[in-house]
């Protein structure tokens, strides 16, 4: 037995029926509101994740300049931990500067540039060294019980590349091996001594200091030798492997003016001369 529909005002609707006075699109509008709310929450969370990196790049240009100069001056006080800048703006700009210097060195040298770009190789080399060596040294510092964080290691090694940039920028334009060795020992050595002194001040134990600082000094100085002597040959070998040794070099050839254009110009000049 089914009850007839009740028409008394205020009576709740039967089970399974839609409430009176509510449009059919209200439910659809509510679902759209929930979807929009979720998308806004995702965008806000992404912005919050990006905002986490803001303190590492919030630095004044005057501070970056001072830290660049300090990266070439070894510290003398190693009895207490030396302060390391916990920012990544300066190191990141130095890595990009090193990339540009490597590309400049490839153009000024006798390296055959084949069709394609060398930007990826230079970026991979510089960022690979910065991130890879920083991670390895942080792991080694953890084993040697050194008081340093990953961000501080990235900052320390990044500012240490300032000596490499100066050395390569000068020696790529003045091709003398004796001049390179002088800059390698003086400029590269000063930046390496700065990093070594900071690590010594944050490490306890003679054996731990010797292992940590010796490894960093060897990697940093050898990397500069690699960039000056072996980087161009390695890039040439990679290009030969990927493209083949018989590929023609990438050259810019000046476009010749067609003969028809010359004839048209000559005819026009003669017509103007006759008119005058």
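Quick reminder: no glycine exception, Cβ is built from N, Cα and C everywhere.
What you see is a predicted model, and the numbers here were worked out from it, not measured in a lab.
Annotated by TrEMBL as transmembrane segment, the relevant range among 69-87, 88-106 is 88-106. Through the fold, the transmembrane segment (88-106) approaches residues 56-57, 59, 64, 67-68, 113, 118-119, 122-123, 125-127, 130, 151, 154-155, 157-159, 161-162, 164-165, 168-169, 172, 227, 231-232, 235 of its own chain, all at least 6 residues removed from its boundaries and within a Cβ separation under 8 Å.
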